[in-house]
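Peer 1: Quick one: the structure is below, and I'll ask about it shortly.
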């Protein structure tokens, strides 16, 4: 039975909501996915994520193929063209099906008069594909990053920037966190082997396992029973560094969606954990994750800049501050970040981070441990932030966690390893 919707037009609408309205794909996609069949959901995700991952290349090709861009009310048709080009370049969908479905997208978008234009541009691309790709390989569109971000990465990592860009442009590996309350990692790896799922342990992070090929969570042994959680390896490093202990008062600040909250409780099930986030909606995810794993934490809505409003004068033995950041370390998981962020955001985020760390420091007990973490790779949010904090606070001591000259440890995204992530471990004197 033929569907009564056109998937390519839905993808074009989603891309428009990201690029024109500044919404994230994780906000846009769930409601759109409710309108389509289960089997089409993965394809919609692939079309949206893939198109945004290689956006500059697609944009450049369209500029060569059209005398003037489609603007105003026709802008969604421009995104439809991008979706068409993405399929021709990066998917195994037969070209005739790509053309037929993408051209029909113009009808679904109530622009049937533009069917001929869409068809013509896609066919012209097929004829000129080899020549266009050769030319595209010699201009800046090949980096698939906005120029401001490319410049920042080049300045921060003069010897490594190309590897970082390359990692950002690839699909991410799927990492799991084995729940040590149920199984050792070795035991769970055996269960996966019996289920025919190929995986390997992380060399450093004790609960982390990488799947050699992604699979549905429903295929993972004991997922519904909380035996395992999907979480990137670098994100797991936060709790390894925090080293929570039973009986301690622990704060997970900026906790949503709860991956680190639950990891703390798996590591120290008798700890008293408070999970706080400013976003009431995202706190629902924290509660869902706690429920699936049958763990308990005190979950509160609150602003990290005003902790007295949600914890009074309470002090904690350990604090994990996973600060709001540019998310430049997780671009491969969320390619829309490249187009949602602006250069001016970085200074604003650094100011917000400084405000939060200042506000929460008095709530750490003397002798207590704070881990400051971000999923950014930009020094302004990471090593520079920690250096400035240490200069302001004689009562803070940095625990060395890396071999760099800068304070803290900076993980960079790697095709076979974790995302870009920064951690610094501070002890209150």
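Positions of Cβ are set from backbone N, Cα and C atoms, glycine also.
So Swiss-Prot lists these for the protein:
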{"type": "BINDING", "residues": "254, 255, 256, 257, 258, 259, 260, 277, 303, 322", "note": "S-adenosyl-L-methionine binding site"}
{"type": "ACT_SITE", "residues": "375", "note": "active site, nucleophile"}
Peer 1: With an 8 Å cut-off on Cβ-Cβ distance and a minimum sequence separation of at least 6, pull the same-chain contacts of residue 375 (active site, nucleophile), or say none.
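Peer 2: Listed in sequence order, they are 234, 235, 322, 325, 327, 328, 329, 330, 419, 420, 421, 422.
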Peer 1: For residue 258 (S-adenosyl-L-methionine binding site), what is the secondary structure state per DSSP, taken as helix, strand or coil?
Peer 2: coil
Peer 1: Using only the Cα atoms of 254, 255, 256, 257, 258, 259, 260, 277, 303, 322, which the record gives as binding S-adenosyl-L-methionine, return the largest interatomic distance in Å, rounded to a whole number.
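Peer 2: Taking every pair of listed residues, the largest Cα separation comes to 19 Å.
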Peer 1: Among 254, 256, the binding-site residues in question, whose Cβ has the most other Cβ atoms within 10 Å in this structure?
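Peer 2: Selected residue: 256.
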Peer 1: Using a Cβ cut-off under 8 Å and a sequence separation of 6 or more, which residues in the same chain sit near residue 260 (S-adenosyl-L-methionine binding site)?
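Peer 2: The answer is 235, 238, 239, 252, 320, 322.
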Peer 1: What residues, ordered by sequence, lie under 8 A Cβ-to-Cβ from residue 258 (S-adenosyl-L-methionine binding site) and sit at least six positions away in the same chain?
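Peer 2: Correct list: 275, 285, 286, 287, 288, 289, 290.
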Peer 1: Excluding near sequence neighbours, so keeping only residues 6 or more apart in the same chain, what lies with its CB under 8 A of residue 303 (S-adenosyl-L-methionine binding site)?
Peer 2: 278, 309, 310
